[in-house]
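Worksheet for the structure shown next.
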Amino acid sequence: MHQRLDGIAASGELPDPEGEAHDPLRTFVAGLSRLLARHPDETTLLDAGAGLLAPLVARDDWLPAAFAVPHPEHYQQYLLHCDPAQRFSIVSFVWGPGQVTPIHDHTVWGLIGMLRGAEDSQPYRLDAQGVPVMTGPPVRLSPGDVEVLSPRLGDIHRVSNAYADRVSVSIHVYGANIGTVRRSVFTEAGERKSFISGYANAQWPNP
């Protein structure tokens with residue numbers, strides 16, 4: 001089961017990444033670090049974490065251009081921050097026009113905030129034979145919206161850029177260093193394949 005919280009975003013110019021551009025991200029990192037230090041249960045973590053993420057994606061004036069570059073053939077995942085203890089990581093997910101993921105899982109909790117454009121998330125569950133089955137309609141995320149997911153609620157989905165003619169960017173937060181986590185993709189016939197996503201970074205952040 002995926003849950004969405006609606007919000008409103010503002011747009012703006014991409015600022016100098018060495019200036020004040022990182023302040024909203026730093027504010028989010030500090031807030032989430034304090035939240036995790038209290039060792040909340042997952043429900044509290046997801047609810048409060050979504051509340052912290054919403055202000056970050058409610059403005060589109062802080063993400064450096066280097067972390068919003070699409071690839072012509074596939075989506076990109078750029079690391080923005082990894083907690084030193086690897087309790088969480090933050091990435092920008094960059095979609096070229098019409099790009100789509102395979103059906104996949106996460107194995108950890110996650111928060112997804114829409115920064116720019118829009119994306120559609122189709123939730124799935126696995127039936128007794130391991131075949132992915134759609135569970136409800138796709139969830140549309142627009143700028144400012146936040147969605148939560150976890151293995152407990154259901155963390156299998158297929159995500160696509162909602163637009164065929166423009167780039168979309170979302171900010172994802174995961175309960176691990178997601179680029180190193182072994183996860184699975186699923187074919188519609190029920191075949192399961194292991195993968196580790198890695199990151200697309202040509203440069204590494206220091207928020």
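Every residue, even glycine, has its Cβ placed from backbone N, Cα and C.
TrEMBL labels come from automatic prediction, so no person has curated them.
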Say TrEMBL lists H104, H106 as binding Fe cation: which of H71, H157 is in the same site, per that record?
H157
Of the residue ranges 1-22, 133-154, the one that TrEMBL records as region 'Disordered':
1-22
Same-chain, non-site residues whose Cβ lies within 8 A of the H104, H106, H157 Cβ center for Fe cation are T101, I103, D105, L149, D155, I156, R158, V159, R183
